[in-house]
Amino acid sequence: MDSPAPPEIRTTEAAAPPRAAPVAWAVLAWSAVALALGLGWAAGLLPPGVPADDGFGSLYRAWGTGAAAWITLALGAAGAVCAVVMMRPGRGGRATACAAWGLSAAVVVLFVTGSLLAFLGYSMIMPVVGWFVPGLPGMWVEQVLDPENLGLFFFAAGAGLWAVAGLSALRAARGACPDCGRDHGWTPGAEHATRVRALRVGRIAVAVACLSSLAYPALRFPWLLGLTPGMGDDFAGVLRAEPGTLLLGVGLGSAAVAGTVLTTGLVLRWGVRFPFWAVGLAGRRVPVALAVVPATAVAVALVAMGRSIIVQLALGQQGMTSSSDLHTWVFLGMAVWGAALAVAVAAYAVRRRGACSVCGRGLPEAEPHDLRAAA
C-alpha cells in the first residue's frame, strides 16, 4: 500500500518583485491620518482627541494637549517612513519589524488608556443592562462619538496594525510565507512539536489569565450582599439609593467571568469546534479570527488599564471611585491578566495554523486532545 504523499510545497518566489503586503498600505493610511490629526490639533482646527484635565491614565494631564499634537505628528511621520520602507522589495529586514513593533508599543504607552477597557466592558453588558438603566444606551452612544474616545479607538487600532505590520516585515526578512509564516526549513515533525509547545505554553498562560481575572468579580459580586470591599461603608448607601449602580457593577463583574470562561476555550476542544450549546453552530469549526481578534483587543485594553494605574500613581492622583489599596492592586493586576491573555492568544493562533493554501506547507488542523498526550 502506498504511503500518503507529503504536502505539496509551493514556492512563494516570483520573477517580479513581491507586492507590498496589504498591512503596509493600512499602516501608511493610518500614518497619513495621524499626520492630519496632529496638524489639526496643533492648529486648533479639530477638538483634542486625547483627555487632558480629567482623563484617567492620560499622560496629557501633565503634558497638555499641545504635546499630544506634536507626538501624533512625530508618530505619523515615523510611521509613514516605516510603511514606505515596508513596500520596497527588500522590505527593510528585521530592523523594519523592530521599528513597527516599537511604534505599536509607543502608541499603547502614549495614547491607549484604561478607558478602552471600560468601553469594552460597557459594550458587552449593554444589550442586557441597557434595558434596566435609564439613559444608559444614550450615554453609550454619546461616549462612542466623543472626540476623545474616537481618538482612543484610532490609536488602539493603530497599535494593532503596527503589531501586525511588524510580523509581516519579519516574515519577509526571513523569506517565510507571507500568509502563514512558515519558511523553507519547515518539516511535519517540527510543525507537530511547535503545536505541542504552543498547547503547553497556552495552558500555563490561560491558567494565569483565569486566576488573575477573578479578582475584579470578587470586588463586585459582594455588592449583591450589601458588602462593598475596598469602597467604604458610605458606598453601601449609594448602592441602596441607586440600583442602577449595583446593576452596572455586577454586570461588569459578570462580563469578567464570561471572559474567563471564554479564555478557557483557547486550550479546550470547544475553542476549535463550537460546543453543543452553541445552537445552530454546534460541531462547526470556530474561525480563528473570531477568537483571536476580540481576545487581542481585550488583552490590549487590560494592559492599558494597568498602565493607566501606573500613570495615575505617578501623577499622584489615583482618580478612581475609591482610593483603597485593594482597588489599586486589582486594577494594576489587570496588566498581568492582559499579558497572560496575549500569550494565550498567540499560542492559540500558532496551534490553529492548518495547511497553508499559499505555500502548501503545514498539517491538517489538530484539536487539543490530539496533542495533549504529547504535551
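Using the three backbone atoms N, Cα and C, a Cβ is placed for every residue, glycine included.
Listed in TrEMBL for this protein:
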type: TRANSMEM; residues: 20-43; note: transmembrane segment
type: TRANSMEM; residues: 63-87; note: transmembrane segment
type: TRANSMEM; residues: 99-132; note: transmembrane segment
type: TRANSMEM; residues: 152-173; note: transmembrane segment
type: TRANSMEM; residues: 204-225; note: transmembrane segment
type: TRANSMEM; residues: 245-268; note: transmembrane segment
type: TRANSMEM; residues: 288-310; note: transmembrane segment
type: TRANSMEM; residues: 330-350; note: transmembrane segment
- Note on the structure: Within the same chain, the residues 6 or more beyond the ends of the transmembrane segment (245-268) and with Cβ under 8 Å of it are 121-122, 124-125, 128-129, 132-133, 136, 199, 202-203, 206, 209-210, 213-214, 216-217, 219-221, 223-224, 238-239, 286, 291, 295, 298, 341, 344-345, 347-348, 368
- Message: Cβ under 8 Å, sequence separation of at least 6 from the ends of the transmembrane segment (330-350): give me the contacting residues as numbers and ranges.
- Response: 114, 117, 194-195, 198-199, 201-202, 205-206, 208-209, 212-213, 215-216, 219, 230, 263, 266-267, 271, 288, 291-292, 295-296, 298-307, 309-310, 320
- Chain residues in Cβ proximity to the transmembrane segment (99-132) (below 8 Å; excluding those fewer than six residues from its ends, i.e. six or more beyond): 27, 50-51, 55-59, 68, 71, 75, 78-79, 82, 86, 92, 140, 143-144, 149, 151-153, 155-156, 158-163, 165-166, 169, 244, 247-248, 251-252, 254-256, 258, 297-298, 300-309, 311, 331, 334
- Task: For the transmembrane segment (288-310), could you work out the same-chain residues 6 or more beyond its ends whose Cβ comes under 8 Å from its Cβ atoms?
- Result: 56-57, 108-109, 112-117, 120, 156, 159-160, 259, 262-263, 265-266, 271, 318, 328, 331-339, 341-342, 344-345, 348-349, 352
- Other same-chain positions with a Cβ less than 8 Å from the transmembrane segment (63-87) and lying at least 6 residues past its termini are 20-21, 24-25, 27-28, 30-39, 41-42, 48-50, 52, 96, 99-100, 103, 106-107, 110-111, 158, 162, 165, 168-169, 172
